[in-house]
Each structure stands twice: as structure tokens, then as C-alpha cells.
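Summarising the annotation, TrEMBL assigns transmembrane segment to 53-72, 78-109, 121-142, 148-178, 259-279, 299-324, 365-384, 404-421, 468-492, 504-534, 546-566, 586-605.
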Amino acid sequence: MLEPFFHWRQATGIQVLANSPLSTRLCTGVKCVSSMLNMAPTCLQPLLRCRSLAILFLTPLLLLPLPLAVPTREARCAYIIIIMAVYWCTEVMPLAVTSLMPVVFFPLLGVQTSKKVCLQYLNNTNMLFFGGLIVAISVEQWNLHKRIALRVLLILGVKPALLMLGFMAVTAFLSMWISNTATTAMMVPIVQAVLDQLDSTENDVTMVEQASGQTNTVIELEEKITSESTAVHIVSNEQVTDDPKSSEEKKMRKRICKGMTLCVCYAASIGGTATLTGTGPNVVLKGQMNQLYPNNNDVVNFASWFGFAFPNMVLMLVLAWLWLQCSFMGLNFKKSWGLGTEKTDKEKAAYSVLKAEMKKLGPMSYAELNILLLFILLVLLWFSRNPGFVKGWAARLFPGGEKYISDSVPAVFIALLLFILPAHKPKCKAWNPSMSDPEQTEEDKKKPFLSAPLLDWNVVQRKMPWSIVLLLGGGFALADASANSGLSAWMGRQMTPLGSIPPWAIATVIALITAVITECTSNVATATLFLPIFSSLAESIKIHPLYIMLPATLSASFAFMLPVATPPNAIVFSYGHIHVLDMVKAGIVMNMIAVCCVTLAINTWGRPMFELDTFPAWANSTRNQ
């Protein structure tokens, strides 16, 4: 679901939660940073070591002339926002800790009351996110996501092209509902197991072929050469060292490993964009739209976002699959698809690995079935609450429901059921002691009718990314303070000259800039900082705010170029199949594909869906209230 469960950055190395099974692999990032410090000139080493301390204390001091020279609420608000932006980008403090700064400094500087600031940290959008995450945690807890993944892969097959498509489709689908990081961490070991089996099977086949080839050659040479041992030795050396076919196969295997692992992290980032709760920037957009435009008629809800973003996700996934196929496997359809041909030994081995993993899960449990039904119910409630073209259940079943009920209501309702419904099938016991089962033990009689619930609060406490809750809250506090202090209106007036540029060009440039910036900063922080600015830009040039905010939100998730850009990239990189240059080469094209797809989406089906050709009344009337 939310991408930054942990935060990797170039400046600080790779940081992982202590209980992460990947910690031993990912510590290599910290070693790289240490070696960089050692390689720096002697005079610069103390500065590099004190970098965090210098940024922490010098940033407020250097910016202090701003509120002193311009004694207005707008300047004081901008002062805190710029400091937070620097801290977020450099991570001199944890992102969640930086997010708490508005609670202290906005009241002290007279920007906003503490009561109004604190209300932003657990508002309606954060509750939607919170409820959705609890459902995602329950899916992970009972391994339902792994069962879905393996079942789809077994259906699609193990031909190279289909295998990659299967990995990408499953990863993208799961990433729509649960964390991008958790999805990648679950999928990569499956990919690794399949690749290892393919590799070992190919080695076995090669050894058998070499052995039979050597035997045949020796028989032929015995007729001409009397020394059998010499002949065998010569042939053996030639077979092992000078076989160009074997060298080419090794290179091909390496390329396949790179393509198969890269496809997982790219699909995780793409899949999270399809749903409103799929990744952080989407939730930020929803919250800031409600914050900046309280009368927007719920223009961004689960159904409208899905209708816009899901086709874009499918288009991006197909193009990404074709690009990775072309880059690492070649577009040899006969070899990749293998239509009408029998399965090779390698494909049979890969299929057996997937089947063995599925067998380990055993039959579907009562708990898994319950969670699957609750998950389906939640999705149906989200879609049917206010579909737009007809009255939803909120308006039909409850008086004034369209006003009082939002997407957070079904999310928290299903989350509550997870703590009530039992994890195991209830055992019906006879009330009459004479009719009870004589074989029933005394212990069985004392057991409660209902077992433990599907989800335990201790599990939620351990797996919930509380830091992201605070990060979202801090972003909403910044947006609210910007609007109420007049800073947003001031920024909008400065950007009025951009009205001469066509809106589609502005949207394209903004998507490109956001995609570049998110390679170095948290996607949630990027969206939090830039969305209020883009809304001011839209108001100043009188275009629909979503025309600019939608491309920026989607592009904040397009971190494809660097291992440190997003946790899925770092997890894939840690397995050692790919180098930084491999990811950069593939990621540059992926970023271009993503920006083109977003530009296409916003200018085609996005226009009628959100009425982007008109400047809405709610955007004009609510800014300066």
C-alpha cells in the first residue's frame, strides 16, 4: 500500500526496520556510505560527518531574515514550510518527527491555533488510510496475498514472456490493496526460487549434454589417436573453456534474472497508483482537495479515482512489460511465448517450484475465506457508496447519507469486523450434558464458543506504519495553514504569467518535474510539498485544479531509476542480480513511458470524467474564506 514503510536515501544509506528479514542484505547501503566518507578528502571528512547537525541548525538561522524582514503571517508560514521541506529532503530528522513541527511552531508564530493544527493529524482522509491499512495487514497476516499470487502464476504458465507478465500482473494487483514494500518483499523470494530452479535445471541439462558430447568425441578419436587419456583431456578442455554457446547462454540467463527482478519493483510502483489507498500521494491528494476545497462535492473518491487511474495503470503495465521484454529477453515471440510447443525441462522445473510453494500453504483456511469475503465487501462498499451516475447505498439507506458518509466509514467498519469475527470455525456444543459427545475432553468443554479474532491489536501495532500517519497529518496541517494564512493566494498571484502556456503543456512539465524529484525524496513528502503550490497555480491561471494536481500525484509514485528511490527498488537491488546502471537505463525509459501515459490519460478520459475543461465554482469561492 503505502510505499515509504521504510525510507532509503542516498545521503543516509539504506535504513531498514530491525525486524526486517532483508536487513543483512540491505546493510550494504550503509557500508557504501561509510566507504564514501573514507574516500573523501581529509579536510572534508569532518564536514561530511557533521552534515546533519549543520543542516539542522543552520537552516533555521539562514532563513530567519524572511519572517523578520517581512512580518506577515504568509512569511511566517513560508518560513516553517521551507525548513520542513529541507528537513524532509535531507532527512536530518525522521520524516515523522519533522511532520510534528507545525504543532509547535504554527501556534508560536501566530500562523494558526494549536486546536486547528492538531485536528489535521487524524482527519477523515487519515481514517480512510488507517482503515484500509488494517485490512491490508490482515491479508498479509494470513498469507492470502501469497495464495492469490501463486494461483495466478500457475494459471498463466511459465513460458518466459507469460512468466514475466504473471509476476507483473500479480504484483500490480496486490500493490493496489497492500503495501508496495510488503508486496515486493513477498514476490521477490518467489521470483528468486523460480530463477534458481531454472538455473540449476539448465546446469544439469548442460552437464548431461557435455558428457554425452565428450563420450561421442572420444569414440571417434579412438579410431585415429592411440592415447585415449590425451584425447579426452583435449576435448574436455575445449568443451569447458571455448564453448561460445555456453557463454551466450550464461549472458542470457543474467539478462533474464535482471528483467524478472526489475519487473516486480516496477509493477509494485505502478500498481499502487490504481486505487485511492494504494500509495501515499493518492491519499495526500484526497486530503488536500478536502482541505483546500471543502465544497468540492467529493470529486475525488474511491470510485472516481479508480475509474481514472486503473486504465492508466493497465496501459503502463503493458508498456513496461514490452519494454522489459525488449531490453532483457528480446522480442522473439516463438521462443518467449512458445505457442503450440511442449514445456521444456526448465519450464517444468519452474512450474514444480510454484506448485511446491502452493502446496506448502495447504488448503484455504476458514480465516483466509473470511478475510477474502470481507475484502470483497469493502471494495463493493467503496464502489457503490457514491458511484456518480446513480444513487449509492449511502444516499438510499441513510437520510442525508451522501453528506455524512465518506469512504472512511466502510473502511473502519470492515476493520472493526476483523477484530470481532473468529479466526477458526465455531464449534457447536450441545446444551444438554446427556447429549454431549462422550469423547469430548474436559479441556474442550472449557474452550469458548468463539476462537480468537481474525486480527490481534498487537499485530496491528507492530505492522502499522505510524510514521506515515503523522507524515500525512503534517502535510494536511501545512496545506491548511497555507490556505488560511494567505500564502497560497500569494503564490498563485506570482504564477499568473504562466496562463499563456497551454494547460496540457503545464501538466506534462509538472509530471516530468515531479517524477525527477521523487527519485531523491519520499513520494509522500513530494506530494505534500507540491500539491498546494500546484493548486495555487491552477487558480491563478483559471484552470481546473485537478488538471495539474492529478499528473503530479501520479508522477510522485514513478521512482524507477535508483535503488534508493523507493523501498521496492532497494529490495530488488539487494538480491544482487542488477547493477545501478541497469536500473538507471531501464528507469529512464520507464519514466518517459509513465509521463506519456499520464499526459494521455489526463487529456483523454480524464477530461470528461472530472470536467477538466471548466474552472469549477468551488475552486473560485473557497480559497480566501
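Placed from the backbone N, Cα and C atoms, the Cβ positions cover glycine too.
All TrEMBL annotations are machine predictions without curation.
Given the structure is predicted, the values throughout are model-derived calculations rather than measurements.
Taking residue pairs at least 6 apart in sequence, the transmembrane segment (148-178) and the transmembrane segment (546-566) share fewer than three C-beta contacts under 8 angstroms. Here the transmembrane segment (53-72) has Cβ contacts under 8 Å with residues 47, 78-79, 82-83, 86-87, 90, 92-93, 109, 486 of the same chain, all six or more residues outside its ends. Packing against the transmembrane segment (404-421) from elsewhere in the chain are residues 124-125, 127-128, 130-132, 134-135, 138, 276-277, 298, 301-302, 370-371, 374-375, 377-378, 381-382, 385, 394, 398, 453-455, 457: each is 6 or more residues past its ends and has a CB under 8 Å from a CB in it.
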